[in-house]
Amino acid sequence: MAMWRTAKHAIRSLASTVPDVSPFVRQLHASPGSKKIVGVFYKANEHAAMNPNFLGCAEGSLGIREWLESQGHQYIVTDDKEGPNCELDKHIPDLHVLISTPFHPAYVTAERIKKAKNLQLLLTAGIGSDHIDLKAAAEAGLTVAEVTGSNVVSVAEDELMRILILVRNFLPGYHQVVKGEWNVAAIAYRAYDLEGKTVGTVGAGRIGKLLLQRLKPFNCNLLYHDRLKMEPELEKETGAKFEEDLDAMLPKCDIVVINMPLTEKTRGMFDKDRIAKMKKGVLIVNNARGAIMDTQAVADACSSGHIAGYGGDVWYPQPAPKDHPWRYMPNHAMTPHISGTTIDAQLRYAAGVKDMLDKYFKGEDFPPQNYIVKEGKLASQYL
Ligand SMILES: NC(=O)c1ccc[n+]([C@@H]2O[C@H](COP(=O)([O-])OP(=O)(O)OC[C@H]3O[C@@H](n4cnc5c(N)ncnc54)[C@H](O)[C@@H]3O)[C@@H](O)[C@H]2O)c1
């Protein structure tokens with residue numbers, strides 16, 4: 001067994017919240033010597049050379065290749081993450097660090113973790129590490145960390161855009177123009193102002209708060225549901241009202257925005273019954289995670305008109321298969337997973353990953369808010 005797979009004693013002193021945590025954990029920080037680091041990113045092909053700051057793609061490789069190799073580390077980058085003979089699986093048995101992004105997620109299952117005998121560190125270039133089996137990672141003593149805050153502005157801006165796109169019934173108008181048509185009535189009968197509408201965010205953490213701040217000048221009625229009440233100053237600044245009971249908030253909302261992580265508690269939270277509690281004609285924006293919704297329930301409610309519009313960039317699985325029902329449901333404003341991978345966001349999460357790798361090599365701690373799994377324990381919102 002590799003030497004960094006032991007350290008029995010270290011974990012015992014931690015009050016772990018993961019049931020039956022294995023006492024066999026891997027060291028938190030790098031042991032000396034060359035490391036094998038694998039990055040899984042989407043491929044950019046002809047787009048790769050179009051912008052020198054395009055760091056988030058496989059070709060850009062977060063801009064850390066030279067830095068890693070100059071220190072004697074091996075850096076393998078691939079977009080091939082699935083299927084029996086995929087490139088990622090070839091490296092699982094001997095990699096030390098796996099970097100992945102939510103945009104092109106490498107699904108790190110318990111089975112992969114079991115095979116990854118040298119693995120110590122799983123880094124998410126971005127926010128949201130639900131593509132990793134976090135319990136299995138905790139039980140194996142792995143560290144999971146993400147670049148908290150790196151793309152929150154990017155996502156909040158995108159949500160505001162999708163809200164407006166849905167409220168104004170923008171996309172059918174755009175498609176008319178492209179197809180050479182002109183039919184004002186077909187758009188106008190279901191286009192509204194945002195002013196005066198009730199918008200509720202489910203989750204008011206970093207992104208939710210930024211969205212509320214951005215919505216304030218639109219003179220909406222703002223509501224939020226979260227497991228935690230926000231600071232009174234921010235409530236005052238945004239005018240957003242706390243709703244402790246999600247099911248009491250939903251029927252009040254014209255627009256619902258999802259802004260919480262995918263956890264065991266939030267998976268499938270918006271099923272047929274919960275959607276039925278929402279206003280007929282509700283608009284939903286979800287840039288959080290696709291699996292928070294029941295896929296078929298959303299498609300059915302869009303078809304029946306109970307949901308008047310659904311927009312977002314997150315799907316399950318990703319890439320979304322060709323037959324994913326959300327591609328074909330009416331009144332959607334869906335794109336591939338793009339909101340958190342603007343060039344500005346890429347620069348921030350690339351810098352954040354480099355900083356964490358540097359700290360890992362030096363045996364230093366990461367910024368505390370970056371840890372999702374540390375010393376056998378999951379971050380509180382994942383419990
Ligand atoms: N589409 C993208 O590109 C993209 C980019 C960044 C983040 N995200 C997603 O957005 C999520 C939120 O990001 P953030 O930076 O705002 O995270 P955050 O941790 O700052 O905020 C999450 C909020 O959700 C709340 N929450 C957690 N579980 C809850 C529950 N069961 N019920 C009610 N509230 C709950 C938390 O208390 C917290 O306030 C991420 O976890 C990720 O899944 C998507």
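Backbone N, Cα and C define each Cβ position, glycine as well.
Pulled from TrEMBL, these are the features on record:
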- 67-365: domain 'D-isomer specific 2-hydroxyacid dehydrogenase catalytic' (DOMAIN)
- Ile127, Asn151: substrate binding site (BINDING)
- 161-339: domain 'D-isomer specific 2-hydroxyacid dehydrogenase NAD-binding' (DOMAIN)
- Arg206, Ile207, Asp226, Pro261, Leu262, Thr263, Glu264, Lys265, Asn287, Asp313, His337, Ile338, Ser339, Gly340: NAD(+) binding site (BINDING)
- Arg289: site 'Important for catalytic activity' (SITE)
- His337: site 'Important for catalytic activity' (SITE)
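TrEMBL feature annotations superimposed on the structure.
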{"residue": "Ile127", "record": "substrate binding site", "DSSP (3 states)": "coil"}
{"residue": "Asn151", "record": "substrate binding site", "DSSP (3 states)": "coil"}
{"residue": "Arg206", "record": "NAD(+) binding site", "DSSP (3 states)": "helix"}
{"residue": "Asp226", "record": "NAD(+) binding site", "DSSP (3 states)": "coil"}
{"residue": "Leu262", "record": "NAD(+) binding site", "DSSP (3 states)": "coil"}
{"residue": "Asn287", "record": "NAD(+) binding site", "DSSP (3 states)": "coil"}
{"residue": "His337", "record": "NAD(+) binding site", "DSSP (3 states)": "coil"}
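For Leu262 (NAD(+) binding site), the same-chain residues that are 6 or more apart in sequence and have a Cβ closer than 8 Å to its Cβ are Gly128, Asp130, Ala288, Arg289, Ala291, Ile292. Taking the C-alpha positions, the distance from Asn151 (substrate binding site) to Asp226 (NAD(+) binding site) comes to 20 Å.
Across the residues the record lists as binding NAD(+) (Arg206, Ile207, Asp226, Pro261, Leu262, Thr263, Glu264, Lys265, Asn287, Asp313, His337, Ile338, Ser339, Gly340), the two Cα atoms farthest apart are 25 Å from each other. Summarised as a single figure, the pLDDT of the domain 'D-isomer specific 2-hydroxyacid dehydrogenase catalytic' (67-365) averages 98. Rounded to the nearest whole angstrom, the C-alpha distance between Glu264 (NAD(+) binding site) and Ile127 (substrate binding site) is 17. Ile127 (substrate binding site) and Asn287 (NAD(+) binding site) are 12 Å apart (CA-CA, integer value). Contact annotation for binding-site residues (Ile127, Arg206, Glu264) versus ligand 1: Ile127, Arg206, each with CB under 6 Å from a ligand atom.
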